[in-house]
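Here is the structure we will look at.
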Amino acid sequence: MTNIRKSHPLIKIVNKSFIDLPTPPNISAWWNFGSLLGICLILQVLTGLFLAMHYTSDTMTAFSSVTHICRDVNYGWVIRYMHANGASMFFICLFMHIGRGMYYGSYAFPETWNIGILLLFAVMATAFMGYVLPWGQMSFWGATVITNLLSAIPYIGTSLVEWIWGGFSVNKATLTRFFAFHFILPFIILALATIHLLFLHETGSNNPSGMTSDADKVPFHPYYTIKDILGLLLLVLALSTLVLFSPDLLGDPDNYTPANPLNTPPHIKPEWYFLFAYAILRSIPNKLGGVLALIMSILILAIVPLLHTSKQRGMAFRPISQCLFWLLVADLLTLTWIGGQPVEYPFITIGQLASIAYFSIILILMPVSGIIENYLLKW
């Protein structure tokens with residue numbers, strides 16, 4: 001009799017994806033983040049579902065419903081902070097996952113890479129709308145500032161913003177629709193992640209050497225299931241530490257003040273994981289220019305495969321590119337820091353220089369380093 005694992009129409013799909021999947025034997029811990037992202041997504045959907053049972057998306061009661069969750073619901077504070085800090089963990093894993101893809105040349109799988117970019121946009125949209133829901137000061141003003149950026153679009157901008165708001169300012173209609181979108185988007189992300197995985201399994205995983213590993217594969221289970229469990233334990237440890245010891249470490253104190261349209265906070269800023277893009281937006285004195293730079297800071301990932309000039313796939317044996325990669329990481333950390341600072345000297349100048357460096361490294365220096373490395377190897 002055939003093993004049910006290999007014959008059952010549904011179970012065999014799981015088997016081909018997570019059990020008998022042929023995997024390169026040399027993939028490092030950097031390949032853990034894909035499964036960690038899947039776990040983060042499931043965690044967010046579950047905690048979000050329980051939060052939605054107690055939350056009300058009305059401007060009059062949203063803030064108090066979140067307070068009620070934290071004070072009166074059994075373990076409501078755990079669920080709320082798991083959800084809020086789970087988003088931070090999600091983005092940490094996302095940035096590591098994208099960084100790994102850039103370092104080891106995983107962008108050479110164009111379908112998988114492009115679905116990944118769509119996933120990034122969907123997750124960013126979900127996180128932004130989720131930040132609006134507690135209806136604190138930073139929720140309200142963050143929503144006002146970020147949606148207002150669309151007014152920079154010529155001719156239709158103002159109408160578009162008012163259409164998104166459902167009125168002439170961020171109001172009850174805005175909060176209700178943001179809640180609806182925040183609820184539905186994770187399921188769209190789930191579908192996209194499945195397609196992402198489907199395309200990946202068409203080609204098989206990349207590996208640190210960047211060379212094909214068709215001649216040498218191992219089954220995913222038990223080798224990588226065990227390896228992924230270690231990553232999961234570390235993720236749970238980090239998240240639990242954050243939730244139980246300093247749940248508000250990554251949040252903004254202004255969000256504990258109920259939303260007030262008549263009082264603007266001194267420094268409006270998004271959550272930490274958007275600060276790098278926010279710094280790029282602010283570094284350009286023109287509104288439309290800033291919005292374009294903001295979009296390009298993420299969309300630039302789509303042209304990374306076109307800028308690959310090296311004859312080697314990954315950066316494992318390319319020291320010049322390695323230096324540039326880590327320079328890019330340092331630059332992104334600088335931008336993240338600048339995004340949280342007030343708009344004054346010297347932060348404006350540092351932000352502008354860091355923004356120029358960001359685009360220069362990706363668009364000019366990395367392709368040039370690939371050509372230089374080919375020349376040095378006489379290829």
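Cβ from N, Cα, C; glycine included.
Keep in mind that what you see is a predicted model, and the values were worked out from it rather than measured.
Among the features that Swiss-Prot reports, transmembrane segment is placed at 33-53, 77-98, 113-133, 178-198, 226-246, 288-308, 320-340, 347-367. The annotation heme b b562 binding site is assigned in Swiss-Prot to His83, His182. If you look up Swiss-Prot, you'll see His97, His196 marked as heme b b566 binding site. Residues annotated as ubiquinone binding site in Swiss-Prot: His201.
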Inquiry  = Using the alpha carbons only, what distance in Å do you get between His83 (heme b b562 binding site) and His97 (heme b b566 binding site) once rounded?
reply    = 20
Task = State the non-local partners of the transmembrane segment (320-340) in its own chain: residues 6+ outside its ends, Cβ under 8 Å from one of its Cβ atoms.
result = 99, 102-103, 269-270, 272, 274-280, 282, 310, 347, 350-351, 354-355, 357-358, 361-362, 365-366, 369-370, 372-373
Intrachain neighbours beyond the transmembrane segment (178-198), with Cβ under 8 angstroms and 6 or more residues off its ends = 17, 37-38, 41, 44-45, 48, 52, 55, 57, 112, 115-116, 118-119, 122-123, 125-126, 129-130, 132-133, 143
Query = For the transmembrane segment (33-53) and the transmembrane segment (347-367), does the number of C-beta pairs under 8 Å, pairs 6 or more apart in sequence, reach 3 or more?
reply = no
Key: Protein Cβ atoms within 10 Å of His196 (heme b b566 binding site), excluding its own   = 22
Task = Take the transmembrane segment (113-133) and find every residue of the same chain, 6 or more past its ends, with a Cβ under 8 Å from one of its Cβ atoms.
result = 55, 57, 62, 66, 87, 90-91, 94, 98, 101, 106-107, 139-140, 142-143, 146, 174-175, 178-179, 181-182, 185-186, 188-189, 192-193, 195-196, 199, 270-271, 273-274, 298-299, 301-302, 304-305
Ask   = At the level of the C-alpha atoms, what whole-angstrom distance separates His97 (heme b b566 binding site) and the residue listed as 'ubiquinone binding site'?
value = 17
Request  = In whole Å, note down how far the CA of His196 (heme b b566 binding site) lies from the CA of His182 (heme b b562 binding site).
outcome  = 21
Ask   = Which has the fewest other CB atoms in a 10 Å radius around its CB: His83, His97, His182, His201, the listed binding-site residues?
value = His201
